[in-house]
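**Q** Here it is, the structure in full.
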């Protein structure tokens, strides 16, 4: 079995492409079934394994397969599933085999490959991806072991380095950008659209600035109300957004919608109602919640996750010593995992040896049982059984020794000596 990771992320693709390749949560299980059965082959010698990690910043397919054409098949499947041409998608895709796939998984879970260096959210997202793949019946020995090692490495990196210390989160970056637009956030009305983890983080950071008003708009009213109460804010129905957008100076959106929920026309009307007072908008969703054309309006300052990345990277630069330490830990653990993977490569051979030996055993036992049933001497039957098993079991090694020459033969002789040096001795040889 070969490990392979196929994906795109914020390093290789803009948000405009990432949002088209993202998987809504409810689509991941059926997508995994299709991916396994159609492109990795349901009747392969070993059942293929797969997991999908889809976040704001990355979409990745983790695979374990015997199919040597899995790389091309996975890229083709990804493009066909999302109705994007291979020519458009392929330049942005990375394909990481074996140790590169292992190293990548370790780095992602440890926060080294995140836009926010050392952030912890990705670890939870990866665990969710593993849980979903397990429920879909898509995981097996190889990916299970990879992800369990991945989580252990992430824990080690975060526990022994300062990789997450003083990190500038996306939420903190949003506040910093708002402070560049407005003299003070405390005079502004802030609207958050959504009620997930990212909105909760953003609300925490903005609430610390004591804004004039803090409002949560969410599709599920009860959840929005609970979050608003935590920050002494108010909740409003998401359906009120088109008629009330003009009330807010700062709008931060991050929902799981597959289509934009804020269009150009609605924002144009809001700007007009505000008499062209500026609106600061942050779209942290992938796919995007706000139509990108909104950013072209004169009095609107629209930022996406990619725009916030520059501010985040400023904070990342100061923690390079921790990065180096983390990379050292990861490299050691990659080598450990590859050693385990190497041992797995002999499992099919060992299984075949057991199957062959057991077939020989059953055949000879059946023959012996017939002789005993016929009334033959039990001692003679046992002797014949043992002789037959001995001859058949050493036939393969003996033939191999006779076929090879030179250095190969010397190596094989040494190997055979090692096989049989601990063979048990008979009673007459043991001196008892």
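Glycine is no exception: its Cβ is also placed from the backbone N, Cα and C atoms.
As annotated in Swiss-Prot:
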- 56: active site, nucleophile (ACT_SITE)
- 55, 56, 57, 58, 114, 119, 120, 121, 125: substrate binding site (BINDING)
- 194, 195, 196, 197, 198, 199: NADP(+) binding site (BINDING)
- 104: site 'Important for activity' (SITE)
**Q** Which of the three DSSP states, helix, strand or coil, fits the residue listed as 'active site, nucleophile'?
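**A** DSSP assigns the residue listed as 'active site, nucleophile' to coil.
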**Q** Relative to the Cα of residue 194 (NADP(+) binding site), which of the binding-site residues 55, 57, 114 has the closest Cα?
**A** 55
**Q** Tell me which residues of the chain lie with their Cβ under 8 angstroms from that of residue 125 (substrate binding site), as long as they are six or more apart in sequence?
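**A** For residue 125 (substrate binding site), the qualifying residues are 53, 55.
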**Q** Does DSSP put residue 195 (NADP(+) binding site) in a helix, in a strand, or in coil?
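**A** SS state of residue 195 (NADP(+) binding site) = coil.
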**Q** To test your reading of the NADP(+) site: which residues beyond 194, 195, 196, 197, 198, 199, same chain only, put their Cβ within 8 Å of the Cβ centroid of those residues?
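**A** Here the nearby residues are 192, 200, 201, 202, 254, 255.
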**Q** Based on Cα distances to residue 195 (NADP(+) binding site), point out the closest of the recorded positions 56, 57, 104, 114, 120.
**A** 56
**Q** Let me check the 10 A CB neighbour count of residue 199 (NADP(+) binding site). How many other CB atoms are there?
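**A** Around residue 199 (NADP(+) binding site), other Cβ atoms within 10 Å: 24.
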